[in-house]
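Scroll down for the structure; my scribbles are underneath it.
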Amino acid sequence: MLKFIFFRMLQAIPVLLIVIAVTFILIRQAPGGPFDSEKAVSPYVLEKLNERYHLDDPLYQQFFDYLGNAVTGDFGPSFKYPTRSVSEMIFTGLPITFELAINAMVVALIIGISAGLIAALRPNTAQDYIPMSAAMIGICMPSFLMGPLLVLVFGIWLEWLPVSGWGYSAGDKILPSITLGATYAAYIARLSRGGMLEILSQDFIRTARAKGIPEHIILFKHALRGGLLPVVSFLGPAIAGLLSGSFVVETIFQIPGLGRFYVQAAFNRDYTMIMGTTIFFSVLIILFNLLSDIIAVMLNPRLSYGDKN
Amino acid sequence: MKNLLRRCWLLGLFFLLCSCGPMESNLDSATDAQILHLGNGTEPQGLDPHLATGVPEHNIIAALLEGLVGENPKDLSPAPGAAHSWEISNDLLTYTFHLNPQAKWSNGDPVTADDFVYSWKRLLMPDLAAEYAYQLFVVKNAREFNQGKIQDFNQVGAKALDRLTFEVQLEAPTPYFLSLLSHYSTFPVHRETIEKFGAIDDPGSLWTRAENFVGNGPFILAEWALNRIIRVEKNPHYWDSDTVTLNEIRFYPIDNGVTEERMFRSRTLHITSTVPAEKIEKYRQKSPELLNISPYLGTYFYRFNVNKPPLDDPRVRKALAMSIDRLKIVEAITKGGQIPAYNLTPANTLGYTSESTIVFDVEQAKLLLAEAGYSGGVGFPEINILYNTSEGHRKIAVALQQMWKQALSIDLKLYNQDWKSFLFTVSNMDYEIARGSWIGDYVDPNTFLDMFVSGGGNNQTGFSNAEYDRSIRSAAKTIDMKQRYEYFQRAEKILTDQVPVMPIYTYTKLYLKAPELKGWHNNILDHHPYKYIYLEKTD
C-alpha cells in the first residue's frame, strides 16, 4: 500500500505543475488587471502598484519567482485584501468550508443511504418510487433554489432557524448543511439502491437466506458492505466537490468560507489568491481521490492496489 | 425490520427539525443594549483610511476615525470634528484649524496638529501609491510631492503652527475644501501605531488589525475577522462621547442583496445596504414605512466613443441621446425612485442646477440623424452597446436598444463583459457605446464636470474641447461663487451640445430600515455620523 501511495504522489507532481502553469497563463490572458476600478487609477499610482507586486517583471520571471515562493509555502499577499496573505485567507476559510462539507456529507449519507436501503428492500413498489422520485427531484433541484426555499419555510414562515451566518447564533449551521447535502443525498440514495439491489440478487445472499440467517444480519453484515461500494468510490470526488463547490451555499447563507474567495478572486483578478486557491484545491482533489481508492480496495477484496494503479 | 428502518429515518428527520424552537431575533434585544446591526455590502478591502476606496470601507472607517471637520447629519454642513473651529483667509487660500484640546486617540494620547501633518504626508507618500491621494491635490505642492517631484514635505501646504493649530495652504480657492475633509482619505492616523507595525509607506502593515488599531473616532475596533461580522464598540476616550448613544455597531459583510433582504425580514439587521429591484414594489405596497428612498449624488450614464464613426458626429450622438425615454426606464425598470437625468450634474448640487439639458424629442432626433446622413436609419452601421454583466444593466441596455430601433430605426447589438474586462475595454476605448456611472466624491459640480476635461483619467470617451477645459480651469480659480457656477453652466452646455456622455438617471439610495433606528437622516452623500444615531423601542 505504501508503494501505491508513493507512486500516486509521484504522479501528482507533474499534474500540479501543469495546473499551476495553465492557471498562471490563463489568468494573465484575461483582460483587466487587479487594480482596475471604476474611478481610473492614475498612471503614476498604477506604475507604483505594478512595481510593488512585481507585475512589471517579465512573465516567465514572475512565474518562476512564484513557483519558488510557493514551494516554501509562501503564496504572497492578496491583491484585493493587501493586509492579508493568501495562506492566511485560505486557512481562515478552510475550517469553515471543511465543517460545512463534513456536515453536508453526514446529512447526505444519513438521508441517502437510508433512502436507498428502503427503496432497495422493495423494488418497484411505492416504497421504492417515493424516495427515488424525491431523490430525482433532489438531484435536479439546484442549491440556489433549495436554499432560499428552506430559508423561506424554516427561517421566515416558521421562524425556527436563522436565515444566515455560521456560528453567529444557535442552529445557523443546519440549513446550509441540508442545502449543500441534499443534492449529494440524492446521488447517494440512487447509488446505494443500485448497489444494494445488485448485491441482494447475488448467490451468496441467497445462500445466507437459505441458511436461515436473520434478515437484518444479512442486510447489515453481508449486503451492506458490498452494496455501498459505489457510494464509497463516489465519496472522494464528492468531498472534493463539496469543498470546491460550496460557493453557492456560502453566498446564499453568507458563510465566510473558502468557496466564496475562490470565485470572487477570479472576478477580482486577484492573481495570487486565484493561484493559491487553485493549487490548494488541486492538492485536495488529488488527496481525496487517492483516499477513496484506498478505501475501495479495503472494502472490496476483489480489487488490489495493482489494479488501481 | 423495514418498519424499524423507516421509523429511524423519519425520527431522525423529525429531531433535526424540531431541535430548534422559535428563536429570538437579533433586533429584539438590540434596542436595550444599543447595538446597531448594519448590512454593509462586502468585506472591506482594508481599514486603512489612506488606502481604502469603497463605500463599505467608508462606513466602518467613519466610526473609527474622525477628520478635522465633521458633518451635520441632516445637510452635511461642516460641524466640529477633531478641530473645534477654523478660519479661512479672504483669498480663500489659507485655512487655519484649531484642534479640540479634548480630542484624544483611543489609547488616551492627545490628537495634535503634528498627527495631521504626518497623516497627510503619509497619504501623499509616493510609495504608498494611495489611489485617493488626489483628494489633497488642491493643497499647495501636494501633487508634486506625491509624484516625487519634490522630496521635502515642508514645501507642501500642510503645517503645524503649534501643538493644536494646523494650517493648510491651497493651490487655488476651493469652495468644497471643507467637504473634502469629511472624506476618509484625509483622516488622521496614529503615528506611533503606524511606525510600530511598519514604515510610513508600507501598505501591507498590520496596524489595522483589531488588536492593533488606534483611532480617534467615536468607536474602537473590537473584532475584525475575514468575511465575518466586524464589531466596533463605543470609545470612552472620544471627546464627544456624551453624544454617542450606541454602545456597539456590527457590520455584516453581505454581498448578496437577496440574502440581505431575507436577513432584514427575519429581523437580523436594522438597515440594509441595498434593496433588490424585484422586491421594491412589494415593499412599496405592503410596508412602505420600511422602504427608504433618497436622492444620491451619482449619475448613471452611457459613454459614446467620439473617435469611432458614426459616433464621431455630434449630431448622431445627440440624436441617440434625444430619442430615449428616461422616464420609462426609471418607472418600468429601475423602479427605485431614480430621477431621469437630462444633464450630467445632479440637480441642486451645492445649489447648482444645470440650465442646459438634453430634451426628449424623437422628431428632432430623426432630423438630426437625417442631417448626419442616416435618414430613416438607412446605412447606419451596426454598432455595439457594452455593459458589465448584471441583470439590472442588461435590462436598461435592452430598453435602449429597443427605443433606438423604434425611434430611429437603427439596429444596435448588445454585449456584456465581466467587471474587470469591462473596465479594461472602456479605458482602452475599445467600445462604441458603454455603460458608466459616477458617484460624487464631494458635494460640488466640479466632481462631475472635471471628469470630461481633455485627457482626464475618467473621461474615456475621447472627448476633448478647449472651451470646456478653459471653463473648468477658470472655475477652479474663481473666488466668486456666482461667477464660478457660470463657468460650470458654460461647461455643462458644451456637454449637452456635444454629448460625449448620455445621462440616464440620477441615483437614489435605497434601504430597508427598521423602525427602531433613529437619528438616521437622508442626505446626498449617504453619510451617517454614528454619534447621532440611536435605537428606540416602537410599538
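Including glycine, each Cβ sits where the backbone N, Cα and C put it.
Copied over from TrEMBL, here are the features:
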TRANSMEM  A:12-30  transmembrane segment
DOMAIN    A:94-292  domain 'ABC transmembrane type-1'
TRANSMEM  A:100-121  transmembrane segment
TRANSMEM  A:133-158  transmembrane segment
TRANSMEM  A:174-192  transmembrane segment
TRANSMEM  A:228-253  transmembrane segment
TRANSMEM  A:273-299  transmembrane segment
Out of A:100-121, A:228-253, A:273-299, which stretch touches the transmembrane segment (A:174-192) the most, going by CB pairs under 8 Å?
A:100-121
What else in the chain is close to the transmembrane segment (A:100-121), if you only count residues 6 or more beyond its ends and a Cβ gap under 8 Å?
127-128, 131-132, 134-135, 166, 173, 176-182, 184-193, 195-197, 200, 219, 227-228, 231, 235, 238-239, 242-243, 246, 249-250, 255, 257
At a C-beta cut-off of under 8 Å, are there same-chain residues at least 6 beyond the transmembrane segment (A:12-30) that contact it? List them, or none.
59, 63, 66-67, 70, 266, 269, 271, 274-275, 278-279, 282-283, 286
Intrachain neighbours beyond the transmembrane segment (A:228-253), with Cβ under 8 angstroms and 6 or more residues off its ends:
97-98, 100-101, 104-105, 108-109, 112-113, 142-144, 147-148, 151, 163-166, 172, 175-176, 179-180, 184, 187-188, 191-192, 194-195, 259-260, 262-263, 281, 284-285, 288-293, 295-296, 299-300
